Structures are given as structure tokens and as C-alpha cells.
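What TrEMBL says about this one:
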COILED    209-236  coiled coil
DOMAIN    269-343  domain 'U-box'
REPEAT    411-453  repeat 'ARM'
Amino acid sequence: MAVLQEAFPARKRRPSLGAFVSPNFSDQKLLRSLFIVSQEISSLQPLRILLKKTSASIIRKSRLISILFEELVRNPANVFPPSAALCFEELYIVLQRIKVLLEDCSSCSKMWLLTQIPSISSSFDQLMVELSTILDILPLKELNLIEDVEELANLIKKQCSEKATDCVDRDDENLRTEVFKMLDNIKREIVPDHSKLSEIFERLNLSDSTSCSNEIENLEDEVQNQNDDKSKADVIALIGLVRYAKCVLYGASTPRITTRRQKSAGEVNVPADFRCPISLDLMRDPVVVSTGQTYDRSSITMWIESGHATCPKTGQPLAHTQLIPNLALKNLIAMWCRDQKIPFESTEVNVKPNGVVLNKTALEAIKMTVSFLVNKLTASQTTEVVDRLVHELRILAKTDSDSRTSIAEAGALPLLVKFLGSEHPSLQINAVTTILNLSILEANKTRIVETDGVLNGVIEVLRSGATWEAKGNAAATIFSLTGVHAYRKRLGKKTRVVKALLDLARSGPTNSKRDAMMAILNLAGDREAVGKLIEGGVVDMIGDVVDTLVEEAVAILEVVVKRGGLVAISAAYHGNLIKKLTTVLRDGSDRAKESAAATLVNICRKGGSEMVAELAAITGIERVVWEIMGTGTGRARRKAATLLRILRRWAAGLIGEHFNTQSSSTVNMTSTRIVLPA
């Protein structure tokens, strides 16, 4: 008679198997375990906001049960009859489930709990029925209990068998109805009544900006706990409501003092299955191509748009260019990012198959929130108030593409321009980071470039921002914009952009250096920009940072060599270039080894027999290349195989002074390398 899992709300977060399977305990250990779990339930506080009566009643009954088992532990029977042992096992399961459900309700989102009141109340009611049934069939007479203990057991049976007149508290149900009415009004583009909104949030004890922010975080976690798209959409609508109420009722929150953006995927060890085979970065939007391989959408799109008609990983021809979302993998990545505290777009609401908006409530809530914030920005405000408002836009722009679209369409970009030159460091950081977050959406890249003053403002922050964080985020914005080929060429022609990026890469803190180098890497994809970079001192910059930011430095080196910068680099390194690259090939990360192998291939092809001879003279080089062929990434293995062929042709005397060979089996993907921003 174990409790069925179906008796609980359908969610991905499930209790352990021990809450469903009978324990394999001895009689005495089972008694002690029943005493402990009933005590644990008794020590819990009744829910303070919702389900107060239900939770208090269950905890009271659990206290009586704990007293019963305390007596049984003190005066144990030698042997239980089999029927009693079976009842105790089932009772243990029910108590475990009660404990799990109470703990879940106390720690989850209040808004989500409110919407689930009927199902959760039904779950508690079902557990009470199970508890009552077990106690009814418990053979008390066969346990030879003393009179007081038997009376206590009968009292517990009586209380558990008393069915509540209504398993749902009327106040809870009325509040739930009010919330659903408000969500329906938002869906119909009716702005919520301020007094009614305030009353609902006060009753839920969401009485300030901080509690609303915590509630939003809980709801964002709840999205990943849901099993189906409709449930996820419902939770996302609640996020929109709470975010709107937070701004309207309590004002924009005070920006938290941080020295850096949230942790990025580049700062943790990303599982191999979560990395895009092209960029080797965490996939944000995994899609499947016709060969069955999965890539990040932006990477494979650029690969296809650059004229390739084959699968980058397998080399097979693509039967078609349709990209199919890999939703299962995306959900796994989202859950991993949540555990790692890495930002990830897990609350996308505006999926439009055939142009249909699936979650209009959430979308309208976003638009109302954005409208409120932008209207406040247009009014005369103190610097501190403006900083809080822009900070809210920054947070909103980080959440999903619908928010980015709404913010841009509401006319926020022209307002943000004047804050880029602010002498208030926090305001400048928030303004440039909001623009960075907006730039993630492809349509917004054009808006940023074409809106008067925005691009120049970002460039000025890059050159002379008040903080390293502001400069780093400006560099990340340049990186984002250079994902568009036309803007890459345009920005690569600007000497002040190139100089500012190189200066930041040389002298900034590590995270800012990395932002600058990612932007430089994108710029280097254009041959004309490579000339500007070489003139600006990119070779010296690589030498300065190659020992600390190996992956980024070698990636830039690879592209510069490919785009015609070999002479300048060779002159700067005075014969040490190949030795440095060989060291990376031996000791670097998978990503660095891949870039080093590709760079060495290009050096040998472009530099002639002299370069090949220098590489061949390095002790153990063939063994290092063999190791890469066996353990490297797919691209690294292909490059290593090409390198080995070059070395063997040189050893056989088949490579002359003017050596240049192109292996048809080698796929070069440098020009499509994409590194996503944090």
C-alpha cells in the first residue's frame, strides 16, 4: 500500500527512491527510524502564508505519532507480528512523503504554491487517507501495548480518520482566484489595478524589492522543475507578474555592488556533450542538422551562410539546411547552468510556431514592465534613481529575447546613450551592460549600430570607461556586434577601436582581457582588419598574454597567421614561435591544442621548408602529434594528421623551398569560430 507518485504534483524535482520503497530495516531500527522521521516532521514550522491550517494539522498529528513511537522505542516488543511490521514499513513511507511535501512547500515559490493549492491540498489529503488506512489496519492488540500507549494510538487513529470539511482553505482559494484574474487581464492588455496588486503581494509577504527578487529566482528554478511546456509557460507568466509588481510597487532595486558580471561558462569545466563542436563553447541554442549532429544555432548558421554544404564534424553533405531544435539537450544544459550559477535563457516565452505567441500573458507583462521603466527614465530623476532604473533594464535584458525586443522597441537605446558618459561608475556599467545584453538579439545589433550615438558611446566607454568592468563589457559589446560580417568590417577599420581593444587586452584584469581578446579574435576574421591589428601591435600583445590566456592568444595567432600575418609574427618571435606553439600542443587545453595544431599547419604551408625543418628539429614532435591524433578534438585530430603528413613528406625530401599543400580531407573552420559572451 505504498503511496503512489501520482498523488503529488507532476514535477521534475522528485524525492529520493527511499520515499517510495519499503525500507529493509530490522524491527528495532524501523521503530527508531519512525520515531526520528516523525520527530523531524514535528520540528517543522507550519507554513506561514498558504496552507496554514493544513500544514499545522499534519504537524500536530505527527507530534502525537512521535510520542507513540518514543514509547515503543523505550519499551520494544521482542518480535512484531508480520502484519504490524508491514504496517510500520508503509507508515515510514507515508511519513517520509509528508516530510518531503512540507519541506518542498516551505522552500518553493509562493506564487507557484498559490497556483497549485488544489493539487497540493489534494496531495496532503491523500496522504492523510493513507495514514488513516495504515493505522486502521495496524494490529494494536497483537503488539501488547500498555494501556496509555494503546489509548494514544487510538487517539491518533481517530484524529487521522476525521476528514476535513474542505481540503482547500477559502482564503487561499480566493487569493488564487484574484491572481488568475489579474493574469487574464494582463493577457488582454489590461494594466493591473495598483491597489489590488499591492493587496495580493502583501498577503503573500512579498513586501519589498528584495523579497520579489528572491521570488523571481525561485520561479526561475521552478521553470526547470516542470514537465511540460504549458506548465513552464504558466510559471513564466508568474515571473512576468512578479517582475512587473516589483518595479511598480517597490521601485527599481538598488544595484548590487559587484566587480564582475555573473560567472560565465568559460570559468567552469563545461561537459563535452554541452560544447558546440565548432566553437567548443557551451551551446545556448542546440540544433540538429540533417546528419544527426548537434551544433549551437549561431555557429552552424554562420558555417552554412559562409558557403559550406557539409557537416563540420563528419564531412558528410547536408541533405538540407533545416535546423531542428534539440530541446532535450537544451533542458539538460539549462539545468546544469542553474546548478553552476551560470546565466542561461531558460525562461524564453515567445516561441512562435506558425506565428502564434504561446504565452501572451508573459509577453504583455514584459511590455508593461518595460513601458513603466522607460517612462520613468524619461522623467526628471536623481542619478541614484536613474541607476536603479537602468539596472532593472539590465536585468530584464539578460532574461530572454522577448525582453530584449520590448526594451529596444520601447525606445530605450536613445535614453541609454546619455548614461554611457556618466561620471557615476555604477550607472555607466549598468548602461553599457544593458546595451551588451540587448545586442545578443540579432535584430538589436542593427538598432545599436544605427541609433545615433550608441556605437560611439560604447567605443568611448571601451577607450576611457570609469572602471575595468565598464571597459570589459564595452569590449564584449563590440564582440557581439562583430558577429555580423558588415559590422565586423566597419569596426575593424576604426583605429580607435583596435587600439582600445589591444590596450585593454594588455593591461586590464583577466576577465576584461578575455573580453577584449574575444572581440579581437572576431575582428581578425576580416583580412583588412588583420592589417590594422598588426599595425596596432597585436603581435606584441599576444606575447604579453600568451602565458596567462593561452587559449585566446593562440586562437588569435591562428587567425592572424591565416590572414597573412605570418611575416610580422615570425619577426617578432625571432625563431621562438614554433617552440611556443609546440609547448602549447603538448601542455595546453584541448581548445588551445586545436588552435596550435591549426596554426602550425598554416605556418608550414606559408613559411616553406625552413619552417617545416624548424618544427621537425624539435625533439619528440611526432610523438606529440600522435597523441593529439588519438586524444584531441575532431578538428585537432584532422590538423594533427595533416601536420604529420607534412613532417613525413619533409623527411622524405618531398618538400621544397616553396611548399604549399592543401589537404582535401582537412576541414578548416577557423573563419567560423564563434565564442559566445557570458
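Including glycine, each Cβ sits where the backbone N, Cα and C put it.
Caution: TrEMBL annotation is automatic and unverified by curators.
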Along the domain 'U-box' (269-343), what average pLDDT does this model show?
83
Run through the domain 'U-box' (269-343) and tell me, per DSSP, how many residues are helix, strand and coil.
26 helix, 12 strand, 37 coil
Run through the repeat 'ARM' (411-453) and tell me, per DSSP, how many residues are helix, strand and coil.
33 helix, 0 strand, 10 coil
